[in-house]
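In what follows, a structure is listed as structure tokens, so that the remarks can point back to it.
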Amino acid sequence: MSDHHERTPLKAAEPGNSPLGLPHSNSVERFSGPRTSGDTVITHAEKHTDGADFVRDAILGLSDGLTVPFALAAGLSSLDNTALVVTAGLAELVAGAISMGLGGYLAGKSEIDHYDSEKKREYQEVQDVPEEEEQEVVDIFAPYGLTREDLSPMLIRLRSDPDKFVDFMMKFELCLEKPSEYRSLVSGITIGISYFVGGIVPLIPYMIFPAARTALTVSVAVTLLALMLFGIVKARAIGQSGVFKSACQTMLIGAAAAAASYALVFLFNK
């Protein structure tokens, strides 16, 4: 028996999101004009997610990079020792970049493992219970008024090609696209570098000014400006409407983290 019942049920896509209301896949084949037996099928593959994934990873790395080392440096500033701030800040920066990068890499690998596991399950079900899989195809199209009779030619074609059958079920039943085998590596590198780039910003003033209080003042001004600009860029990158709100929110979060860290170290050192 198929074990689809053990999975989280998927809701049918709302009409209007795509020509059939089906979930969009990362690679979409579009066919122009009627197709005849002698026609050569021309496909146009669209890649929608690679750039979005890169932006997401960069945002994640920069967000943490601008906030965590900033808070640490601000907190250690209360000890009035710039050398200590730089040493501890760089140590945290390297460790944080490695940790964040590995986290991104492992998350990407887990996506690939999940996809492979589900695909193996689908192959088994297409082989063992093809009738149930065909019924699931019918159920996908049912909200659009298509019956089993309407879908009969497609069902026959899918049954004759298990690879296409499994590919269809992966995309339109489970809404899964195979992640690139290099995606996890790119994700880890992007997050790690972004974290380091963001984290070095609040530390630079401590490398320039010997007085901790002066370095703190400059670091706060520079980092808050960077956080505000980052909030604006982030809002525009993800298509968020409230650009000013995003900028203020990002800046306030960083300021709150730095203030809390400074106060905590100051109280413990008092």
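Yeah, the Cβs are placed from backbone N, Cα and C, and that goes for glycine too.
Annotations in TrEMBL come from automatic prediction, not curation.
Per TrEMBL, region 'Disordered' is recorded for 1-40.
Here TrEMBL flags 24-40 as compositional bias 'Polar residues'.
Residues annotated as transmembrane segment in TrEMBL: 185-209 (among others). Taking Cβ pairs closer than 8 Å, the transmembrane segment (185-209) reaches residues 53-54, 57-66, 68-70, 73-74, 77, 82, 85-86, 89-90, 92-94, 96-98, 100-108, 215-216, 218-219, 222-223, 226, 230 in its own chain, all 6 or more past its ends.
Marked as transmembrane segment by TrEMBL: 215-235 (among others). If one looks beyond the transmembrane segment (215-235) by at least 6 residues along the same chain, the residues whose Cβ comes under 8 Å of a Cβ in the stretch are 59, 62-63, 66-67, 70, 73-74, 77, 82, 85, 198, 201-206, 208-209, 241-243, 245-251, 253-255, 258.
Per TrEMBL, the feature transmembrane segment maps to 247-268 (among others).
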